[in-house]
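Undergrad: Questions regarding the structure given below will be posed in turn.
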Amino acid sequence: LRSDFLLGPERYNKLIRPAVNKSQQVTIGIKVSLAQLISVNEREQIMTTNVWLTQEWTDYRLVWDPNEYEGIKKLRIPSQHIWLPDIVLYNNADGVYEVSFYCNAVVSNTGDIFWLPPAIYKSACAIEVRNFPFDQQNCTLKFRSWTYDRTELDLVLTSDFASRDDYTPSGEWDIVSLPGRKNEDPNDLTYLDITYDFVIKRKPLFYTINLIIPCVLITSLAILVFYLPSDCGEKVTLCMSVLLALTVFLLLISKIVPPTSLAVPLIGKYLMFTMVLVTFSIVTSVCVLNVHHRSPSTHYMPEWVKCVFLHKLPAFLLMRRPGRSNVRERFRRKHQRKSFSSHQDGDSFFLTDDPGRVCGAWRVGDLPEGSEFRQRVKVRHDQDVDEAIDGVRFIAEHMKIEDDDEGIIEDWKYVAMVIDRLFLWIFILVCVVGTLGLFVQPLFQSYNTPVAEEVYGDF
């Protein structure tokens, strides 16, 4: 039947399209069945798919009467022996336009031909990186005849959506919908193609675990910079370590997403946001260290600084400055009492023996008036006491100056602590608001926005 009747050279030529005359169109029914979504290369912007390209048409030359051939109604004929429509993938990315395997074609006695060749296509796909890794892509497969135009071949969709009956799920992508459409150009009557839209949504778990969560944890370490005491000397070191870690993650992102200037990926925006925050923390840490190590000999504390950073801001930030220690306060009160007593008893003197032991103490006024001993004691007393008082006053003034300087130094340290606490709350607020502002909307759209079945098909 096949060799003697159907495919005889006197009645069949596989190079001629099956049309009765040159003006007749040959209708080709096309349907795509997705077997596997192999990969989506974001950097090269290529989607690799394993599909079955169903093609159906009628060849009037391959008609026979089943009663004459023992009731045979179908034949499996090698596709190389019959005319085939030259349907190719127009938007391929590797130069392979045709199918991978030329399987047999199923020919019915009515001339209807069913051909289902498998193919692995690498198609160009414009990757939208704006919401990466919570993104949704729309990659297309565009099919059309390579040599026949619309006046010779009419391409029709046998189904509005690509089939997923034999689809193997992907570990990285979810299939949202696979709608197909027929495209015609009103300005070009010869143009015709069949386009399938592969609407796919990324599964973000891998990138959430390996990129987003580590970035958030590393950024949270920058918060500790403002809680770290200035005396430890590691504030800037911690900031630089965090900034270096974020730079490494930024280099990893640059190797994944395509090098496009049309949009910045979401994870890239977050990394840049955190790097700006960490850089800001470095600047503030340097300023805080500068304030912390100030002294009265180098800087003067203005009154507005005392008012704002020593009184108003600590109360607003719920900070309470500890008072002076009890030991130091008792020492100051004792020193004040002794100074007062020295002024009240300025005319008293002590008598000591040779080893320096105190034998007694008298006031000059207690001695008899006009006695020689009183005159000598008074002269000696005036000279020694004046020298002692001058020395004590010098020491007291020196201690008072040191105490005042130490108090001013403590005030500068407290100002630095208040600035640290202020920027700590600012950093936490900006970090939380910025993170939620960047991720909540794409995450909400990715998981909670339903896709209409009548528009996008089954999912």
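Keep in mind that glycine also has a Cβ here, set from the backbone N, Cα and C atoms.
The structure displayed is predicted, hence computed values, not measured ones.
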Undergrad: Based on Swiss-Prot, do Glu172 and Lys235 face the same side of the membrane?
TA: no
Undergrad: According to Swiss-Prot, which residue among Cys103, Cys125 is joined to Cys139 by a disulfide bond?
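TA: Here Swiss-Prot pairs Cys139 in a disulfide with Cys125.
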Undergrad: Considering only Cβ pairs within less than 8 angstroms, which of the stretches 236-254, 270-291, 422-440 has the most against the transmembrane segment (204-228)?
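TA: So the stretch in question is 236-254.
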Undergrad: What does the structure give for the C-alpha distance between Cys139 (disulfide bond) and Asn21 (N-linked glycosylation site)? Integer Å is fine.
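TA: Cα-Cα, rounded: 38 Å.
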Undergrad: Just to be sure I understand, if DSSP states are collapsed into helix, strand and coil, how many residues of the topological domain 'Extracellular' (255-269) fall in each?
TA: 4 helix, 0 strand, 11 coil
Undergrad: Need this for a regression test: recorded positions Asn21, Val106, Phe114, filtered to those with Cα within 10 Å of Cys125 (disulfide bond). What's left?
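TA: Neighbours among recorded positions: none.
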Undergrad: Quick one: which of these recorded positions, Asn21, Phe114, Asn138, have their CA within 10 A of Val106 (site 'Key residue for a rapid dissociation (K(off)) from the conotoxin BuIA')?
TA: Phe114
Undergrad: For the transmembrane segment (422-440), give me same-chain residues lying six or more residues beyond its boundaries with a C-beta closer than 8 angstroms to one of its C-beta atoms, as numbers and ranges.
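TA: For the transmembrane segment (422-440), the list is 134, 212, 216, 219-220, 222-223, 226-227, 266, 269-270, 273-274, 277, 280-281, 284, 288, 313, 317.
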Undergrad: Write out how many residues of the topological domain 'Cytoplasmic' (229-235) are helix, how many strand and how many coil, based on DSSP.
TA: 4 helix, 0 strand, 3 coil
